[in-house]
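Trainee: Can you read through this structure? Questions will come right after.
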Amino acid sequence: MAKVNLEQIEHAVRLILEAIGDDPNREGVLDTPRRVAKMYAEVFSGMHEDPKEHLHKVFGEDHEELVLVKDIPFYSMCEHHLVPFYGVAHVAYIPRGGKVTGLSKLARTVDTIARRPQLQERITSTVADSIMEVLEPHGVMVVVEAEHMCMTMRGVKKPGAKTVTTAVRGVLENDAAARSEILSFIKSK
């Protein structure tokens, strides 16, 4: 996949400024095309990374019980409106065969997947599927909570409304008690 074309983004932003009736040569917005291009390169940096690469660093640890990293902050851009949504991800897995990854690797996986034009549902599923594929755990559960600016500042205009999505894989799919335990850990402070 090609890297971000900063010049093309700058040109497009100038066209947008003109299309909304602003003067792209006005002092206040003169550098806006460059700033937006740099921002897009940053917020869409996940387009050029494989999130699974983070998970390949494993430690041989004889632990086959729950590992949960909760309240992982993330931001993304809604692929429908190109406006932000942001929130927290909670990632739980039950290791198998001594394959335990670094805790920061779970957060990096979330970030890489979120830093593309996205849907919250896809972030949730892709995080779970990536962990299942690379770590081959007994089970995975991912819960994502987010506020979407496309619902806050346009359309229905409901600030504060949160969307919650889940993805459950492996043994956790049929174990309601384990899912409840994970949810209780997520809710605890």
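Glycine is no exception: its Cβ is also placed from the backbone N, Cα and C atoms.
Annotation comment: Swiss-Prot describes CYS78, HIS81, CYS150 as Zn(2+) binding site.
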Trainee: Hey, what's the Cβ neighbour count for CYS78 (Zn(2+) binding site) at 10 Å?
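Mentor: For CYS78 (Zn(2+) binding site), the count of other Cβ atoms within 10 Å is 18.
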Trainee: For the recorded Zn(2+) site, whose residues are CYS78, HIS81, CYS150, find every other residue on that chain with a C-beta no more than 8 angstroms from the centre of their C-beta atoms, and list them by sequence position.
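Mentor: Everything else in range on the chain: MET77, GLU79, HIS80, LEU82, VAL83, PHE85, HIS148, MET149, MET151, ARG154.
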Trainee: Counting across all protein chains present, how many other Cβ atoms fall within 10 Å of the Cβ of CYS150 (Zn(2+) binding site)?
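Mentor: That number is 16.
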Trainee: What number of additional C-beta atoms lies within 10 angstroms of the C-beta atom of HIS81 (Zn(2+) binding site)?
Mentor: 16
Trainee: What does DSSP assign HIS81 (Zn(2+) binding site), in three states?
Mentor: coil
